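Asker: As annotated by TrEMBL, active site, charge relay system applies to Lys130, Ser205. For Ser229, the entry in TrEMBL reads active site, acyl-ester intermediate. Among the features that TrEMBL reports, substrate binding site is placed at Met179, Ser205, Val226, Ala227, Gly228, Ser229. Here TrEMBL flags 18-56 as coiled coil. Marked as domain 'Amidase' by TrEMBL: 89-546.
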Amino acid sequence: ALLCSSAAAVVLLKWLGRRQVQQKMDEARRSRDLALERMEKAARRLKQEVDTQTSHILSLTMVELVEKLKAGSLSPESVLYSYMDKVKALEVNREVNCVTDFIHGCEGQLQELKKQKEKGLLYGIPISIKDHINCKGHISSGGMVKFLGQVKEEDSVIVQVLKHQGAIPFVKTNIPQTMINYDCSNLIFGQTLNPLNHQKSPGGSSGGEGALIAGGGSILGIGSDVAGSIRLPSSFCGLCGLKPTGNRISSPPGCSDSPFVLAVTAMLGPMARDVDSLALCMKALLCQQMFQLDPTVPPIPFDEEVYTSSKPLRIGYYEGDGYFQPSPSMKRAVQHTRKLLQDAGHTLIPFAPPKIDYVVDELFTRGIFSDGAAHLVDCFKGDIVDPNLKSQFNTYRLPALVKRTLAIILKHIVSRCQLAVCAKPCHGAAWHGLSQAYRTEFIAKWRELRLDVILCPMLGPAFNHGYAGKLFAATSYTNLYNVLNFPAGVVPVSTVTRADEEELKHYRGHYGDPWDKRLKEAVEGAVGLPVAVQCVALPWQEELCLRFMKEVETLAH
């Protein structure tokens, strides 16, 4: 009787705990719905105040929009209305579920703009912000119940600088639970869909940004990247995105709420429909205001001369990294872009990243889980794991002794496996020593070939739902440059053809293991969807990276 009553008590406590979690999630969803209603009312008010030219405004590039706003031929009110209007942000959200909050202070900011004597570089531009970046008066949930109700008291530095430059943050966007998955789903706000094909993922973890911008509901967004979280949704949604060098721009206080302990540098960066928009955003951010608000950011202004240069480049390239065989469309995109660049007068040199298995299995995985994922597991106490994260989480939660035993056993059985999360944690100083040694080796190879930049594959096309959580190792194409801390950007250059889809039927991968099989299944059924390439430069050379991206964009389109 005692055992039965104890078991019943345990079951009851678990039920009550889950009920409490569910109530918190229900409340968060109600708050989101109320925020969207408030946004709809604000859009109606703005419509009465302005002579709207919605279709014209939405057809403009960001550079064109800024010019017209500064010249006075368009008003900030009309532009904000156009992007808030139910035809765009609200309608896009109903279709793909990408917005988590309306930043209601944007109406007051419109009035502040009128008082500014000087018009900033982003004057009147509506901008979307990834969920975990702090905005005053709003939560940064991370897709987790434990952060609900924690209203932020001030804007992060990047939001303050954007406002200083005249931009108007107006919505926050969805992310995957914990941001350690490159799908875009959590149990609070649900699954975000790809606006180009609802059967596909928008990528992650900045997936809400990708979906909103690709759907036409935003012209510029701020995401973050620790394994490809800006570049992956940009690739999946047909956008341009830039991961800068770590600390080139300020990382927000919200990064301290990360559910995992990082040795790899997390970085904020812009996402948009074209490279010029990214360049303008970086130019706006790299200003005196940024350097004053965050003295840890090196005071290096944007170098316009490098960005606008037409000097021929020496470009290293590779079609595959030797860890994950690229999908047919990924490989074709690099081959096609290489030919375009050669024909345009640039020099292309074959390049092979050294020791890629070591980078992915040791440096990256042990760097992103430098505490053996202990903090991540602890964050889930009192929360429910999203189904898309379960396959990853079940590995992370294993006891340390079991992880180490598995690492020893699997090392002799599995040809390729991310065993590092099962191995002994690699703490900060040790990891930085190893990563610095690899970085030195990589740069030496770069210098030996006298390269300016590198052209390489970008994971894609967009995955079918549910596969990202089972293919974390497929981020090898992006996470390499997080370990190296190099600036890296994504540019769409083509779309998946029927020939690509036919060739995919014969895809076997490098190892023929479960990961290769899953990648084939993940990218099936993508005819017509975007395919991108990745452009890379050395640290602190964002302007050169963007200049290379612009060259690729111009030639491809």
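The backbone N, Cα and C atoms fix where each Cβ goes, and this holds for glycine too.
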Asker: Expressed to the nearest Å, what is the distance separating Ser205 (active site, charge relay system) and Ala227 (substrate binding site) at their Cα atoms?
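Answerer: That comes out at 9 Å between the alpha carbons.
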Asker: Between 0 and 100, where does the mean pLDDT of the coiled coil (18-56) sit?
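Answerer: A mean pLDDT of 90 is what the predicted model shows over the coiled coil (18-56).
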Asker: About how far apart, in whole Å, are the alpha carbons (Cα) of Ala227 (substrate binding site) and Lys130 (active site, charge relay system)?
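Answerer: Each residue's Cα considered, Ala227 (substrate binding site) and Lys130 (active site, charge relay system) end up 16 Å apart.
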Asker: Let me spell it out: take the coiled coil (18-56), skip the flanking residues so only those 6+ beyond its ends count, and list any with a Cβ under 8 Å from a Cβ in it.
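Answerer: Those are 74-75, 77-78, 80-82, 84-87, 89-90, 93, 99-102, 104, 106-107, 139, 141, 145, 148-149, 170-171, 187-189, 382-384, in sequence order.
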Asker: To the nearest whole angstrom, what is the C-alpha distance linking Ser229 (active site, acyl-ester intermediate) and Met179 (substrate binding site)?
Answerer: 8
Asker: Can you tell me how far the Cα of Met179 (substrate binding site) sits from the Cα of Lys130 (active site, charge relay system), in Å?
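Answerer: Their Cα atoms are separated by 11 Å.
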Asker: Specify the count of other C-beta atoms within 10 Å of the C-beta of the residue listed as 'active site, acyl-ester intermediate'.
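Answerer: If we count other Cβ atoms within 10 Å of the residue listed as 'active site, acyl-ester intermediate', we arrive at 33.
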Asker: Taking the Cβ of Met179 (substrate binding site) as the centre, how many other Cβ atoms fall within a 10 Å radius?
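Answerer: Around the Cβ of Met179 (substrate binding site), 27 other Cβ atoms lie within 10 Å.
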Asker: For Gly228 (substrate binding site), just count the other CB atoms lying within 10 A of its CB, please.
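Answerer: Gly228 (substrate binding site): 31 neighbouring Cβ atoms within 10 Å.
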Asker: Among residues Met179, Ser205, Val226, Ala227, Gly228, Ser229 annotated as binding substrate, what is the maximum Cα-Cα distance? Answer in Å.
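Answerer: Largest Cα to Cα distance for the substrate-binding set is 11 Å.
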Asker: Starting from the Cβ of Ser205 (active site, charge relay system), draw a 10 Å sphere and report how many other Cβ atoms land inside it.
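Answerer: Step by step: centre on the Cβ of Ser205 (active site, charge relay system), count other Cβ atoms within 10 Å, giving 34.
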Asker: Around the substrate site (Met179, Ser205, Val226, Ala227, Gly228, Ser229), what further same-chain residues have their C-beta within 8 angstroms of the site's C-beta centre?
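Answerer: Along the chain, the qualifying residues are Ile180, Tyr182, Gly204, Ser206, Ser224, Asp225, Ile230, Leu232, Ala266.
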Asker: Enter the number of other CB atoms within 10 angstroms of the CB of Val226 (substrate binding site).
Answerer: 26
Asker: For Val226 (substrate binding site) and Lys130 (active site, charge relay system), what Cα-Cα distance in Å is obtained after rounding to a whole number?
Answerer: 14
